[in-house]
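Report on one structure; see the data block that follows.
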Amino acid sequence: MGSNPRRSSKPRARAVPPARRLALEVLRSSLQHHLPLQEALDSAIARHGASLDPRDVGLATESVYGVFRYLGRLNFLLHHRLARPGSIPQGVMRILLLATYELLFLERVPAYATVNWAVDAVKAESPKLAKVANGVLRGLDRMRDEIAERDFYLDAATDRDAGMAAWYGVPQWLFTHVRKAVPELAHMVFQERLSQPPLGLRANPRSVSAGQGGASLDQLVSMDGVAAHCASGVGFAAGSGPDASELSEWIREGRVSRQSLASQEALLALKPETWTGPILDCCAGRGGKTLLYMERWDEEIWASDFNARRLSGIPVECARLNLKVPPIFRADARHVPLVSRNETGRHPQTILIDAPCSGLGVMSRRPDLAWRLKPHDLANLRKMQAEILNATAALLSRGSKLLYLTCTIDPLENERTISGFLERNGRFEQLGEFRTVNSDVLKERFYAASLRAVR
C-alpha cells in the first residue's frame, strides 16, 4: 500500500509581493538590528540590485519611512486590538506594522489587497496567527474613521502625554521631553515630523562655470514646485522637482547635489563669505558643508571627522563637482591633532562645529531617529558638545571665529550650551545667532551661533 506524501509543516502560502518583501527586510534590519533606516534601505537595495523594479523600490521606500513616521501610533493600535501583544513574534509584528500603515495611509492600495498579502505572509511565518492577523487588520479597516481622530488616542491612553505621543507616533518620553523643553514648538515639531520634507538641491557654480551648463541656481529657482530657496540652492515641495532621470543626470555631471535647504540656510547664516582661512570643519561627516563652501569661496578648508568611512566619500564628491580635494583627516573633534594657539605652526583661523546632537529638528527627514534616541543620549550629547567647544577653542587665537551648528530644537543643546561655554571661556564673545524661520515650509529646524575670540 502506497504511503501518503509527507505534508509540509506549514500551509503553502502565496509569495509576498516584492515591494512588501523588500520593506519587511528593511524593517527587520532597522527594528531588530537597529540600523539607521536609510542605511538599512540602501543595503537592501544594493543586495538585490537589478532584480528590483523601480516601482517596487519606490513603494517599499514610502512604506518603511511611513511605518517609522507613525510607529508609535501603529504600535498603539495593534496593542489595542491584540489580546496578547507581548506573545506575538517580532516577524509577525513587523508584518502587522507594515500592513497597518498601508491600510490606513496608502489609499491607492485596496484594503482587501493589503489584508490578503499580510495574512499570507503571517501564514508563512506563524500559521496559527493567520486568523488573528486577518481579524486585527479587518477590525482596523472598519475603525478607520474613528482611529483617524486624535481624540481616540487621548481617550484610550493612560494620560494625555501618552495619548499625544501615540497620535504623533513617537515614544512617550520624547514627547514629554520636547513639550517641557520647548512648549511653544512641541506640537508643530511633531506635526512636521509626520510630513515629507522638501527635496533639497544645492547648485554648483563651479560646474556651470566649467561649461557643463544647466541646473544653475537661477534655473532651479524658476522651476515649478519650488517651495523655498536661498543663495545656494532650493527646496521643492513634496511630489515636485525634476524627474528622476533628469535629476540623476544633473547629479552625475556635478551640476547639483542633494542637500537639505534648511541645512544650507543655517550654514549661510554663519556668513561664510567672511571666514578667514585656514578653516577647519571638525565634524565634517560626508562633507556637505565643506563642499558647499568650496563651491563658492576660495579660503583653504580642512575636513575632519571621527568616522573615516564618512570622510572617504569626499574625494569622490570633489571629482564629481570639479573641486580640488581638501586636506582630510580622521580625528575626534574633542582631540583634534593640531597645534594650539600658543604653539608654533599653522592653526585654523575659523572652526566650524556641526555638532553631534539629538537631531530633534530633522525628524521629518530621519523619522527613525525618534526610536533610536534614548533618554540617556541627551545628557551624553550635551557633555560631548561642551567638550568639543572647549577643545576647539584652545586652537583659536585672538580674532578667530568659532561657529556652532546643530539640527536640534533643544535649548539645552543650543542656547544653554553656548551660554555655558561663554561662562567658562571669557576669551570669546557671541557675534550672532540663527534659528530656522520658515520651518512650516522646510519641515526642519536648525540652530547656529557665531563666536569670536577677543583675546
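Placement of Cβ uses the backbone N, Cα and C atoms for every residue, glycine included.
Predicted, not measured: the structure shown is a model, and the values here were computed from it.
The domain 'SAM-dependent MTase RsmB/NOP-type' annotation in TrEMBL covers 189-455. The S-adenosyl-L-methionine binding site annotation in TrEMBL covers Asp305, Asp332, Asp354. According to TrEMBL, the active site, nucleophile annotation covers Cys407.
The two recorded residues the residue listed as 'active site, nucleophile' and Asp332 (S-adenosyl-L-methionine binding site) have their Cα atoms spaced 19 Å from each other. Cβ neighbour count for Cys407 (active site, nucleophile): 26 (other Cβ atoms within 10 Å of its Cβ, all protein chains included). For the S-adenosyl-L-methionine site, whose annotated binding residues are Asp305, Asp332, Asp354, the maximal Cα to Cα separation is 13 Å. In this structure, Asp332 is the one among the binding-site residues Asp305, Asp332, Asp354 with the smallest number of other Cβ atoms inside 10 Å of its Cβ. Cβ proximity to the S-adenosyl-L-methionine site centre (mean Cβ of Asp305, Asp332, Asp354, cutoff 8 Å) flags the following additional same-chain residues: Cys282, Cys283, Ala284, Gly285, Ser304, Phe306, Asn307, Ala331, Ala333, Pro356.
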